[in-house]
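Participant: Okay, these came from TrEMBL:
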{"type": "ACT_SITE", "residues": "His86", "note": "active site, proton acceptor"}
{"type": "BINDING", "residues": "Asp87, Val90, Gly92, Asp94, Ser96, Glu108", "note": "Ca(2+) 1 binding site"}
{"type": "BINDING", "residues": "Pro182", "note": "substrate binding site"}
{"type": "BINDING", "residues": "His212", "note": "heme b binding site"}
{"type": "BINDING", "residues": "Thr213", "note": "Ca(2+) 2 binding site"}
{"type": "DISULFID", "residues": "Cys55-Cys135", "note": "disulfide bond"}
{"type": "DISULFID", "residues": "Cys88-Cys93", "note": "disulfide bond"}
{"type": "DOMAIN", "residues": "45-254", "note": "domain 'Plant heme peroxidase family profile'"}
{"type": "SITE", "residues": "Arg82", "note": "site 'Transition state stabilizer'"}
Amino acid sequence: MHFFLKMDYKFLCPSAFFCIICFFSAINGRPDYIYYPSRPADNGMLSYSFYDNSCPNLNMIVRWGFWAAYINDTRIAASLLRLHFHDCFVNGCDASILLDDTKDFKGEKNALPNRNSVRGFEVIESIKANVEKACPSIVSCADILVLVAREAVVTSGGPNWPIPLGRRDGITASEAAANQLPSPFEPLENITAKFVSKGLDINDMVVLSGGHTIGFAQCSTFKRRLFDYKGTDLIICITRASSTIRAFLSLIKL
Ligand code: HEM
């Protein structure tokens, strides 16, 4: 991942975007066998026509809701994509990331990778409210998260892809599991192993990192990788960096 400075947050580097679909096609294509109280999926399998009769305007409602947020905050596209990733990577795409703490479990919102970092909950809530008005007790939040992530990718110039639907919402969440999300401070082997444990491979991991084509990161998440190259206290690639970049790096080193 490469990051560039912008205020306190940093704009993430340009790179291939299209391969994000590999991951989401892989994960989204799997049926989630999680209890959704109002409407069981057909034999637990996802389907491209799942809401065709029960909520025909779903895509339009999601699109409108996404655009209403995007118009005021273009970064929300990145945040919603990441929200989807952080949901799916922790016990599947079950919208468990949306659950607050209860007396029975500590939710995922306050796990280290998510706290003061994941964004977009209010967008999902607003879309869910509109979906409920149109089709009460039909559409899972898990499906809304998936659909809105696609809107975010398409709007940001990425590809479109077909999404099978019919996920059920989880009724529990796990802070401990969310703490296992890939961290920018762990070695490549660990991150790769985490992807492998989800049935993905190193190629998936590399191309999915193209998700960082858009969005922001806090300086603390990558600053230390810009300096002290092999213990030399040099800025990485300083010899090749332009004077502007060198000036910028010196600035954030302070
Ligand atoms: C490979 C392991 C990954 C690591 C270690 C990682 C790490 C990070 C970190 C540290 C940030 C900055 C968070 C902050 O400063 O608050 C970030 C942002 C982001 N990540 Fe990842 N990430 C990974 C994989 C992914 C994947 C697979 C996607 C989606 C395909 C993704 C999408 C994003 C997006 C869009 C942002 C910007 C969010 C925003 O601006 O609100 N990341 N990631």
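Just so you know, glycine gets a Cβ as well, placed from its N, Cα and C.
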Participant: What does the structure give for the C-alpha distance between Pro182 (substrate binding site) and Val90 (Ca(2+) 1 binding site)? Integer Å is fine.
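Facilitator: The Cα atom of Pro182 (substrate binding site) is 11 Å away from the Cα atom of Val90 (Ca(2+) 1 binding site).
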Participant: What is the nearest of the binding-site residues Val90, His212, Thr213 to Arg82 (site 'Transition state stabilizer'), using the Cα of each?
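Facilitator: Minimum Cα distance from Arg82 (site 'Transition state stabilizer') across Val90, His212, Thr213 lands on His212.
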Participant: Tell me which of the recorded positions Cys55, His86, His212 ends up closest to Gly92 (Ca(2+) 1 binding site) in space, Cα to Cα.
Facilitator: His86
Participant: For the recorded positions Arg82, Asp87, Cys93, Asp94, Pro182, which sit with their CB under 6 angstroms from an atom of ligand 1?
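Facilitator: With ligand 1 as the reference and 6 Å as the Cβ limit, the list reads Arg82, Pro182.
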Participant: Along the domain 'Plant heme peroxidase family profile' (45-254), what average pLDDT does this model show?
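Facilitator: Overall, the domain 'Plant heme peroxidase family profile' (45-254) comes to a mean pLDDT of 92.
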Participant: May I ask which of the recorded positions Cys55, Cys135, His212 is closest to Cys88 (disulfide bond) if we compare their C-alpha atoms?
Facilitator: His212
Participant: Other Cβ atoms within 10 Å is the metric here; tell me which of the binding-site residues Gly92, Pro182 scores highest.
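Facilitator: Selected residue: Gly92.
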Participant: Quick check: of the recorded positions listed here (Cys93, Cys135, His212), which one has the Cα closest to that of Glu108 (Ca(2+) 1 binding site)?
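Facilitator: Closest candidate to Glu108 (Ca(2+) 1 binding site), judged by Cα separation, is Cys93.
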Participant: Could you name the residues, excluding Asp87, Val90, Gly92, Asp94, Ser96, Glu108, of the same chain that surround the Ca(2+) 1 site, i.e. Cβ within 8 Å of the Cβ centre of those residues, in sequence order?
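Facilitator: Checked against the 8 Å cutoff, the neighbours are His86, Cys88, Phe89, Asn91, Cys93, Ala95, Ile97, Gly170, Ala173, Ser174, Ala177, Ala178.
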Participant: If you compare CA-to-CA distances from His212 (heme b binding site) to each of the recorded positions His86, Asp87, Val90, Ser96, which comes out shortest?
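Facilitator: Closest by Cα distance to His212 (heme b binding site) among the recorded positions His86, Asp87, Val90, Ser96: His86.
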